[in-house]
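Student: First the structure, then my questions, so here it is.
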Amino acid sequence: MKKNLLITDKLSSINNCDFIFISVGTPQKKNGEIDLSFIKTVVRSVGKIISKNKKKPIILIKSTVTPGTMKDVILPILEKNSKKKAGKDFGLISNPEFLQESKAIQDTIKPHVVVLGGYKTKFMKKTEKFFSRFNPNIPIIITNHQTAEMIKYANNSFLATKISFINQIANICQAIPDTNIDDIAAAIGLDPRIGNLFLNAGPGYGGSCLPKDMNAIINLSSKIGVKPTLLNAVEKQTNYKLVILWR
């Protein structure tokens, strides 16, 4: 990027930006819900800053938030503090990220997909064009806010499910003499319908994202009256595996 990259902690710098990416943490509360305090603070500040200029920026939310957060929380805060209208005076797009912590830079430059959620306005067209120029070979999924938010949770929930599945099979193998879980994982991983990623038997899923996102989607499911039977089983398997390892 040569001299085109400026690193600063001054929020006022966004006055000159066409695209504003917001990517702050949404940690887990004790009750399983996500904590929106960080993103609310940032969105409030961004709203106040864009209220003072005539530019029509596009604001992209990369933080992981449960479906409905953009419509019910982020959009109202932005419109209130900017005194402007989304879709007319500024663009507001959900743009979840799918990074592996060990490959963050590589996955940012070459993601497997770009998801854009929002209204199909001139702002969406401009954003699609931006990502297409950045890497024309990456598929772009355009949908609404709620669906884009849910895609991130569906993605991480499925990865957690693969991990818990192979650990369940590993538990069965341990009870059957001369049964090799590594060979089994290698064989089923060659099936193109399955793939070989996340099929390493071990202590279960961890890190800063999968456990938090699983708890959040389980909590949301219960709140809206949908019993998360499979997701509960996935989480139970991981907790069981950890207990076995610590014995």
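Cβ from N, Cα, C; glycine included.
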Student: Hey, TrEMBL has NAD(+) bound by Thr26, Thr64, Glu101. Any idea which of Lys212, Lys223, Lys227, Lys236 it lists too?
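Tutor: Checking Lys212, Lys223, Lys227, Lys236 against TrEMBL: the NAD(+) site match is Lys212.
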Student: According to TrEMBL, Phe98, Leu99, Gln100, Glu101, Phe198, Leu199, Asn200, Ala201, Gly202, Gly206 bind substrate; which one of Lys40, Lys48, Lys52, Lys152 is listed for that same site?
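Tutor: As annotated by TrEMBL, Phe98, Leu99, Gln100, Glu101, Phe198, Leu199, Asn200, Ala201, Gly202, Gly206 share the substrate site with Lys152, chosen from Lys40, Lys48, Lys52, Lys152.
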Student: Cα of Thr64 (NAD(+) binding site) to Cα of Lys152 (substrate binding site): how many Å, rounded?
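Tutor: Cα of Thr64 (NAD(+) binding site) to Cα of Lys152 (substrate binding site) measures 7 Å after rounding.
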Student: Looking at substrate and its recorded binding residues Phe98, Leu99, Gln100, Glu101, Lys152, Phe198, Leu199, Asn200, Ala201, Gly202, Gly206, figure out the farthest C-alpha pair and report it in angstrom, whole number.
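Tutor: The widest Cα-Cα gap among those binding residues is 24 Å.
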Student: Starting from the NAD(+) site formed by Thr26, Thr64, Glu101, Lys212, give every other residue of that chain whose CB sits within 8 Å of the mean position of their CB atoms, in sequence order.
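Tutor: Output for this site, in sequence order: Gly25, Pro27, Ser208, Cys209, Asp213.
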Student: Rank aside, I only need the closest one: which of the recorded positions Lys152, Leu199, Ala201, Gly206, Cys209 has its C-alpha nearest to that of Glu101 (NAD(+) binding site)?
Tutor: Cys209
Student: Which residues of the same chain, at least 6 positions away in sequence, have a Cβ lying under 8 Å from the Cβ of Thr26 (NAD(+) binding site)?
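Tutor: Residues satisfying the criterion: Ile34, Asp35, Leu36, Phe38, Ile39, Ser63, Thr64, Val65, Lys212.
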